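Right, one structure below, let's go through it.
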């Protein structure tokens, strides 16, 4: 049963999708792909793989001149001196090994420091510890317990941990502590710069940092694309001890002379793997060349591919790597993953049925991910038309609208949020119960990060994914993710994987997926050489399901010649009809 339109704010009522805002994407770059000349919005913090308005230039900010540090006179900086609490020092090697084994923590690099399993044991100023208590943080998460002592001791750190593991506090607290140790009155420009991939993540990090900055009279400024530069420029000119920024907008202000990077002595790269996926490697390298060579670096990532390792080797010195969990692609084990192998035409009906099921559970927030902005707006329009309280965020929404929608979603007044991948990593809401992947993402890494919006902070969650035939090349990766998380693997997905494997190996006619499907079906019984017949409605339903999973409706004829085709009339109803 859907929500009543009359019981919800008027701005969520039915509105037609704004088709004219997609411009050149509709007319000239529908199949352009990565080699297209279409401009990418690197400055916005959104995924540059999505074609954007051509006024954004793909190499924006890269004209910043490199700094010759041999000709610079650098101010002295106070390095971190982490003094461990007596309780931490009393931990034995066996106790530490047991704790690390329990939380799947591994350390690469030599360090005499022991993990800090209490905020009171950390060498933090009293005011910071008071804010920690006010925020209700009781015990550090594994990544915080291991990375904070290292970061506050002044060494370079690489932290590998899944989303929702508390990485933000693991670098915000050492950064605030670093600023507190300096004589900021004699320093021009920022001391700390944190570079993040998306504006949502920039806002999230800023929300955490400002709790501590207020108490210590530290100025923290957040800059990102998609918002007017004038307001951000004014904030920066008033002075900033700490800057949280997306790469493109930060380079803009550096090229304008608004941000002076000479005294940045503490640099953070958050979600480095995501930034590389989004094509920000040139911007990251340009930013790093603007920062003094004796800086301290922290780099955090959810995965550890070769590209991230090369980035760490290039810009970090003698770093210590903290890994929490498996280094392989892995999903949060607190998330129940349900995969529905369906035809593209069945997605809308399946979504409607799923929402009718979910809505019966009170106070449950749901986020639905889509591949394109157009589809996001279209499904938003259809759901509003049927009375569902939904709203959408994506790269074409202005920043004020995005912040308003996210605010209402976090408060619970808006229970269903529709989004593209622009929000997949930046959204930090601890009580999301359901994630629905309407479209399977471009990579299994993105899949893991999408479903990671639920099951955060030790809570459980459920993720539904609509998987279609066109993504058969991703089926093997998805099966590995499901098996690693000890989740049920649908037989239709296994059959799809066999089908793709046979195509990849050059087989024109592949009978194995059909055999696998029929083996686990109670409604279709076909023996070798036997003709297929319909005896009742159940057979027709099975035929329709068979067609949904594999596109064309074919049958195995029992010999080496593969399929014989049959055509059945579609019976799928359009989404906007009443069921």
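Just so you know, the numbers here start at 1 and follow the chain as drawn.
Any Cβ shown, glycine's included, is placed from N, Cα and C.
What TrEMBL annotates here:
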| type | residues | note |
| --- | --- | --- |
| COMPBIAS | 1-18 | compositional bias 'Polar residues' |
| COMPBIAS | 22-37 | compositional bias 'Low complexity' |
| COMPBIAS | 523-533 | compositional bias 'Basic residues' |
| COMPBIAS | 534-546 | compositional bias 'Basic and acidic residues' |
| COMPBIAS | 549-568 | compositional bias 'Polar residues' |
| COMPBIAS | 569-579 | compositional bias 'Basic and acidic residues' |
| DOMAIN | 117-145 | domain 'DEAD-box RNA helicase Q' |
| DOMAIN | 148-322 | domain 'Helicase ATP-binding' |
| DOMAIN | 350-497 | domain 'Helicase C-terminal' |
| REGION | 1-53 | region 'Disordered' |
| REGION | 523-579 | region 'Disordered' |
| MOTIF | 117-145 | motif 'Q motif' |
* Taking DSSP states H, G and I as helix and E and B as strand, how many residues of the domain 'Helicase C-terminal' (350-497) are helix, strand and coil? -> 69 helix, 26 strand, 53 coil
* Summarise the domain 'DEAD-box RNA helicase Q' (117-145) by DSSP state, stating how many residues are helix, strand and coil. => 16 helix, 0 strand, 13 coil
* Mean of the pLDDT scores, which run from 0 to 100, over the domain 'Helicase ATP-binding' (148-322) -> 92
